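Lifted from TrEMBL, the feature list:
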- 5-65: domain 'LIM zinc-binding' (DOMAIN)
- 85-107: region 'Disordered' (REGION)
- 96-107: compositional bias 'Pro residues' (COMPBIAS)
Amino acid sequence: NQETPHCPRCGHAAFHAESIPVAGKMWHKICFRCGLCKKSLEITTLAEHDGDVYCKQCYTRKYGIRGVGFGMGAGALGMDTGERFGNSQSLSNKPNYPPIPGITPPN
């Protein structure tokens, strides 16, 4: 005796003939929408996170890359020394070019 799965969006029974199997769950076709903007999804236009489904645009907005050009700003990256990755030396934003032959660098 197999129990009927329930749609994760509305919580009602999701029978096989009227549902879409995605991310290990059965979704009603009408409930198969982005978890943020509620836009209808297709198998080819979705991204899954923690059991919920999103359109690719909302997924990127909510869980995507952070940094310059991605909503965090240049100032936050400029001060990162990388200590959490094991970098122990002080990093500078000044270029470290080799000396030019015949020119004495200023002190």
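Placement of Cβ uses the backbone N, Cα and C atoms for every residue, glycine included.
Remember, TrEMBL labels are computer predictions, not curated facts.
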Can you give me the average pLDDT across the domain 'LIM zinc-binding' (5-65), rounded to a whole number?
90
What are the helix, strand and coil residue counts for the domain 'LIM zinc-binding' (5-65) according to DSSP?
14 helix, 20 strand, 27 coil
